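S.K.: According to Swiss-Prot, the record shows the following:
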- 1-21: signal peptide (SIGNAL)
- C49-C72: disulfide bond (DISULFID)
- C50-C88: disulfide bond (DISULFID)
- C59-C99: disulfide bond (DISULFID)
Amino acid sequence: MRHSKTAISFFILVAVLGSQAGLIQDTVKEDRPFNPTIIHQGFQDSSDCCFSYASQIPCSRFIYYFPTSGGCTKPGIIFVTRKRKRVCANPSDQRVQTCISTLKLGPRSGNSAIA
């Protein structure tokens, strides 16, 4: 008889604690509403952004250029070589402005960010 009282007391205790744990978990879920992370860069063409500028600008190796998109953190001009390599340049640099005046504005293509 003593074991049955202990067992019943134990099951009542487990039932009470279990229901309390469920209430606490529901309260915690209600306190933190679902706020999905929004990544704004997905809507911008970050593949055509410059993160650094080349120090040497050999105009004779470039076939065309295009400016970076407006969503980039740094302004830039991307020059494309005959071998289709891309070179980022500072649009404020006088040498870059000279290259721009001699080259044609080209298409914006490719999917890799420029370092």
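Note: Cβ is positioned from N, Cα and C throughout, glycine not excepted.
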S.K.: Cα within 10 Å of C49 (disulfide bond): which of the disulfide-bonded residues C59, C88, C99 qualify?
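M.R.: Among C59, C88, C99, the ones whose Cα sits within 10 Å of that of C49 (disulfide bond) are C88.
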S.K.: Could you say whether, by DSSP, C72 (disulfide bond) belongs to a helix, a strand or a coil region?
M.R.: coil
S.K.: Quick one: of the disulfide-bonded residues C50, C72, C88, which has its CA closest to the CA of C59 (disulfide bond)?
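M.R.: With Cα distances computed to C59 (disulfide bond), the winner among C50, C72, C88 is C88.
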S.K.: If you compare CA-to-CA distances from C72 (disulfide bond) to each of the disulfide-bonded residues C50, C88, C99, which comes out shortest?
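M.R.: Minimum Cα distance from C72 (disulfide bond) across C50, C88, C99 lands on C50.
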S.K.: Indicate whether C99 (disulfide bond) is helix, strand or coil by DSSP.
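M.R.: The three-state answer is helix.
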S.K.: Tell me the Cα distance separating C99 (disulfide bond) from C88 (disulfide bond), rounded to the nearest angstrom.
M.R.: 13
S.K.: Compute the C-alpha separation of C99 (disulfide bond) from C50 (disulfide bond), stating it in Å without decimals.
M.R.: 17
S.K.: In terms of DSSP three-state secondary structure, what is the assignment for C50 (disulfide bond)?
M.R.: strand
